[in-house]
Amino acid sequence: MNQTRKAVVLLLPFGALMALLVVGCAQVMIQSFGWVPAFSLRQWTLDYYQTVLQDESFVASFWLSFRIAALSSLGSMLVGTVLCAALTKAGGMEQAVTYLVRLPILVPHAVVALFVIQLLSQTGLVARVGYAFGFLEDSSQFPQFLYTGEGNGVVLAYLWKEIPFVAYFTLALMGSIRQGLGQAAENLGASPLKSFWFVTLPLSLPAILRSGLILFLFAFGGYELPMLLGATLPKALPVQAYLEYLSPELRDRPYAMAMYGVILVLSLVLAGGYALLMQKTLKRLGGDADGQ
């Protein structure tokens, strides 16, 4: 009984946090359908979603956020997997290198934005070094990575933080697979490359995809980096939604909530789709194992 009470007490902070999250999401969805009694809005309607989805600025913001999230998550999975594979082969250096890999994960996004500005802007460190060594006649010739409509600077900033996350997220699983089944494959004559490609990588893929999904959803709904490094137009969807939320016309609040609702629904759909895909994959693998 004491163990049960202890478990309940330990779960209380998590339960309170989850309750706060659920209540917040519920409030967003309720207000997005036009029910905001505090602002004299008491009629359930889909008009706010219809207006938002037909707005050209919203469509541009949506695809910009999707592009940023897709490029950053795919790039992070690719490079992070290579980095993770290198870490598993690092041997005695693995622990020291792992500490270095963890550092970018701990840095706040606002600090990352400042770092990117100081490094990659046309008046930043790289441009000045290029000018000093004669590679550039003027610092303005340095490529414009920041404040572009494509969100390239935002993608680079996310990559700096997310590549180490993928590597660290997958490291324990990939290391155990390589030391077990991977080494067994090599003992049976497979080259290290074939062992990684046909044994270690496929078995590590669920963890890699899981980290990629987390990063995609985070980047799609992230506010700080698009706000600090993005262009004036088009704005990323979270920035557009937040500015709409700050509108002095309080009766327009459902428009902002409809934008947040789109982000929330997309996140739930992707998470649910991933869960179903993984469930079917595990069942198929289990069936194949039973058949053998």
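Positions of Cβ are set from backbone N, Cα and C atoms, glycine also.
Quick caveat, the model's predicted, so the values are computed rather than measured.
The range from 16-39, 64-87 that TrEMBL describes as transmembrane segment is residues 64-87. Using a cut-off of 8 Å between Cβ atoms, the transmembrane segment (196-220) and the transmembrane segment (64-87) share at least three residue pairs, counting only pairs 6 or more apart in sequence.
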